[in-house]
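Participant: Dumping the structure here so I can ask a few things about it.
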Amino acid sequence: MKCSKCEQTAVFESKPTGSSLCKFHFVESVERRFKQEIRRQVHFNNGNTTIGVAISGGKDSSVLLYLLWKTMKKKKNVVLKAFTIDEGIEGYRSEGLKTAERLCNKLGISHEVITFSGSFNTEMDQVVRSGNLQGSPCAYCGPMRRDLMNRMSEEFNADYVALGINLDDYSQSIMMNVLRGDYEKMLRMAPHKNRIKGLVPRIIPLRKIYEKEVKLYAILEGIEHDMGWCPYAMEAQRNKVRSLLNSIEENSPGTKLAIEGFLEKLQKHDIKQEEITLTEKCLICGNPSNGPYCQSCIRNGKAKKNKLST
Ligand code: SF4
Ligand SMILES: [Zn+2]
Ligand SMILES: [Zn+2]
């Protein structure tokens, strides 16, 4: 199979566009879409712009960091600061951490680690072993991770925090909010345009790049990444949505892009994200919340202890 743009052999076939691409044109296509998203999502200040980058060592966040570095390396007034959250998951996070550290060293980007144990006095292994889980491990881990991402980004005085969320993950999250009827949460999804007090805006420049494209890009560009899976990644609803969307995409290529585009239009034209954003303050940590306690304090047990002691 030949590349649709040159005489070289194609390494990738894009069903939504009907084109086949050689290595050069595939890399170019991913980088073009990435840069387009950076232009849409980041408003560069006249002075310095600092972007915190959450990296796990997995393919998505490693590709994110590499692409940010490649795109920004000539911009003298953009600073990238990477960090990894260590949730305390034995055998999984430690490998990712080493990979993340190596990539940061190679690219000359500073890297910090923030742990659940240091911040919440608990670890995910401990939370799961306690046997008191209400819902999936991710329902606990997610809000605590978001809390730490925000804390790290505030500490860096970052203008944005970048997350490695590919199109597959993003379209699944949109559909999960639709299935739960959670309109507000769906509209609050990243990318965030404005900073609201206490929350660093999240950007997701991989939102239009399919997971298989991220994987192939990592291989073609030689970006080392960890292939391990979190042993607790078993969110039942996400798994169902993932296989449903994969089978629809197979028959109607471009479906995931259409789902992403649907939310983008809603966010752009109909609703002001700031108006539906978290309007209260957590009574314990002071973070923005949509009730008396934020999700992080509810999940890490502080809200419960506080309620009992009052
Ligand atoms: S898969 Fe779930 S439990 Fe594992 S790191 Fe991600 S959010 Fe945490
Ligand atoms: Zn080509
Ligand atoms: Zn809180």
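From the backbone N, Cα and C atoms, a Cβ is placed for every residue, glycine too.
Quick paste of what TrEMBL says about this protein:
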type	residues	note
BINDING	CYS3, CYS6, CYS22, HIS25	Zn(2+) 1 binding site
DOMAIN	51-242	domain 'tRNA(Ile)-lysidine/2-thiocytidine synthase N-terminal'
BINDING	ALA54, ILE55, SER56, ASP60, ILE85, GLY164, ASP169	ATP binding site
BINDING	CYS282, CYS285, CYS294, CYS297	Zn(2+) 2 binding site
Participant: Given the binding-site residues CYS3, CYS6, HIS25, CYS282, CYS297, which one's Cα is the least distant from that of GLY164 (ATP binding site)?
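Facilitator: Nearest in space to GLY164 (ATP binding site), counting only the binding-site residues, is HIS25.
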Participant: List, in residue order, those binding-site residues out of CYS3, CYS22, HIS25, ILE55, ASP60, ILE85 with a Cβ under 6 Å from any atom belonging to ligand 3.
Facilitator: none
Participant: Mean pLDDT for the domain 'tRNA(Ile)-lysidine/2-thiocytidine synthase N-terminal' (51-242), as a whole number?
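Facilitator: Residues in the domain 'tRNA(Ile)-lysidine/2-thiocytidine synthase N-terminal' (51-242) carry a mean pLDDT of 93 in this prediction.
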Participant: So how far apart do the ATP binders ALA54, ILE55, SER56, ASP60, ILE85, GLY164, ASP169 get, largest Cα to Cα in Å?
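Facilitator: Taking every pair among ALA54, ILE55, SER56, ASP60, ILE85, GLY164, ASP169, the longest Cα gap is 19 Å.
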Participant: Centre the Cβ atoms of CYS282, CYS285, CYS294, CYS297, go out 8 Å, and tell me which other residues of that chain have a Cβ in range of the Zn(2+) 2 site.
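Facilitator: Near the Zn(2+) 2 site, the remaining chain residues are ASP147, LEU283, ILE284, GLY286, ASN287, SER289, TYR293, GLN295, SER296, ILE298, LYS302, ALA303.
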Participant: Same chain only, sequence gap of 6 or more: which residues have a CB within under 8 Å of the CB of CYS294 (Zn(2+) 2 binding site)?
Facilitator: PRO143, ASP147, CYS282, ILE284, CYS285, ASN287, PRO288
Participant: Round to a whole number and give the Cα-to-Cα distance in Å for the pair CYS3 (Zn(2+) 1 binding site) and CYS297 (Zn(2+) 2 binding site).
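Facilitator: Between the Cα atoms of CYS3 (Zn(2+) 1 binding site) and CYS297 (Zn(2+) 2 binding site), the distance comes to 52 Å.
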Participant: Select, from CYS3, CYS6, CYS22, HIS25, CYS297, each of the binding-site residues with a Cβ positioned under 6 A from at least one atom of ligand 2; if none does, say none.
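Facilitator: CYS3, CYS6, CYS22, HIS25, in sequence order.
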Participant: With an 8 Å cut-off on Cβ-Cβ distance and a minimum sequence separation of at least 6, pull the same-chain contacts of ILE55 (ATP binding site), or say none.
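Facilitator: The answer is SER61, SER62, LEU64, LEU65, ALA82, PHE83, THR84, ALA100, LEU103, CYS104, HIS111, GLY164.
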Participant: Name, in the order they occur in the sequence, the residues of the same chain whose CB lies under 8 A from the CB of ALA54 (ATP binding site) and which sit 6 or more residues away.
Facilitator: SER61, ALA82, PHE83, THR84, ILE85, MET149, MET152, VAL161, ALA162, LEU163, GLY164
